[in-house]
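**Q** Have a look at this one.
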Amino acid sequence: MSIIEFWLEAKATIDRLIEQFLNSNRDWDLVDISSYILKDGKRFRGTLNMFFTVALGGDIKDSYGGALAIEILHSASLALDDIVDLDATRRGDKAAWVVYGNRKVIFITNYLIPTALRIIQTSYGDDALNTSIELWKDTSVGALRDMYDNSDYIRTIELKTGSLFKLSTVLSAYASKHYNTKQQMLDVGKYLGIIYQVIDDFVDYKTKKVEEIDGSAKQLFKYYREGKLEEYVRSVYLEYKQKYDELISNIPFQSKYLSEIRSLPEFLANGLLKEANIDKI
């Protein structure tokens with residue numbers, strides 16, 4: 001099965017898990033807001049968790065708790081980001097705060113986030129919970145650096161984006177019971193997250209006016225101004241793809257998945273580029 005086929009099947013499964021999660025909480029007064037926040041989405045992060053779980057020899061059903069929790073955390077973080085950034089659209093529709101207002105969205109995300117962490121603890125234990133809390137803290141630090149510190153672009157995107165990718169991949173070590181691969185799987189997520197975000201920031205320069213650029217992409221302006229944006233982005237992509245390739249050679253993945261594992265950086269990058277009608281870097 002190709003990674004695209006796996007993603008399509010995993011996405012359908014994650015959508016079903018989210019629907020079941022919402023149906024089990026029909027007593028919420030704010031269930032409609034939760035449904036709105038969690039709807040749609042590419043489900044890349046949850047898919048990575050499911051994919052690496054089976055690649056490590058685990059049962060895909062053991063990844064369901066992690067995949068669900070990751071997508072809840074990701075969607076909640078986006079809803080909060082939209083409030084902070086005053087972004088009026090999300091996933092092709094109005095942002096949740098535009099529809100429901102800031103207060104309700106903040107209240108419901110404050111419920112969703114600990115609920116997701118509880119799912120992780122219930123599914124994989126206290127060590128997985130502690131790891132998840134530390135990564136969620138890193139996400140918050142990354143958001144602060146994104147807004148107020150332009151000193152280290154790579155560190156910013158590792159924290160801002162890489163942390164949830166790291167959560168996606170490290171939970172596969174727990175789900176597959178390959179606990180000895182925990183640090184390696186954290187690094188897998190780190191490298192994929194950096195690759196994903198640098199391409200995403202590059203796309204911003206190709207699809208927006210310069211004055212509309214915000215977030216971590218603003219830290220790339222000096223390369224844009226000097227006419228070196230493509231060169232820099234390509235160098236980051238190749239550097240972290242090489243690190244990723246070297247790393248996965250030392251992880252006990254099942255051989256039948258190795259080809260698709262190696263293709264993941266290209267899959268993530270090309271997905272972002274093609275969505276923006278960009279052929280290549």
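Backbone N, Cα and C define each Cβ position, glycine as well.
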**Q** Looking at Swiss-Prot, which one out of ARG16, ARG91 binds isopentenyl diphosphate in the same site as LYS42, ARG45, HIS74?
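**A** Between ARG16, ARG91, Swiss-Prot records just one in the isopentenyl diphosphate site with LYS42, ARG45, HIS74, namely ARG91.
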**Q** Please work out which residue of LYS42, ARG45, HIS74, ARG91 has the most C-beta neighbours within 10 angstroms of its C-beta, and give that one of the binding-site residues.
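**A** Answer returned by the neighbour count: ARG45.
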**Q** Who sits close to ASP81 (Mg(2+) 1 binding site): which same-chain residues at least 6 apart have their Cβ under 8 Å from its Cβ?
**A** ASP87, ALA143
**Q** Measuring Cα to Cα, tell me the gap between ASP85 (Mg(2+) 1 binding site) and ARG91 (isopentenyl diphosphate binding site) in whole angstrom.
**A** 15
